[in-house]
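K.L.:
Pasting in a structure now, in structure tokens, and then I'll have a few things to ask.
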Amino acid sequence: MAAAKPENLSLVVHGPGDLRLENYPIPEPGPNXVLLKMHSVGICGSDVHYWQHGRIGNFVVKKPMVLGHEASGTXVKVGSLVTHLKPGDRXAXEPGA
């Protein structure tokens, strides 16, 4: 019997007031990507807007969306073209920076 693929428990907004905990498969990093083992993830004001209103300004949640985009973790795998991080390095992610 094949081993089950590892999964990541995620907080997903489906629409205004509709939050669900769902498992998502853990992806393999692409050549320029890094896979982090998450230590903490913040839920910020934009996430609250998506949950309460299903939107922020012109951006409307039209399909399920994983919340939380301010995070810290440890690199477990790095893509073949990544030169600035290695497995074991601690990192923080902030997509707006």
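In case you wondered, yes, glycine gets a Cβ from its N, Cα and C as well.
Dumping what Swiss-Prot says about this protein:
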- CYS44, HIS69, GLU70: Zn(2+) binding site (BINDING)
- TYR50: substrate binding site (BINDING)
K.L.:
Could you find out if DSSP has GLU70 (Zn(2+) binding site) as helix, strand or coil?
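P.N.:
The three-state answer is strand.
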K.L.:
Could you measure between GLU70 (Zn(2+) binding site) and the residue listed as 'substrate binding site' for me? Cα positions, answer in whole angstrom.
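P.N.:
Pair distance, Cα basis, whole Å: 15 Å.
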K.L.:
In three-state terms from DSSP, label CYS44 (Zn(2+) binding site) for me.
P.N.:
coil
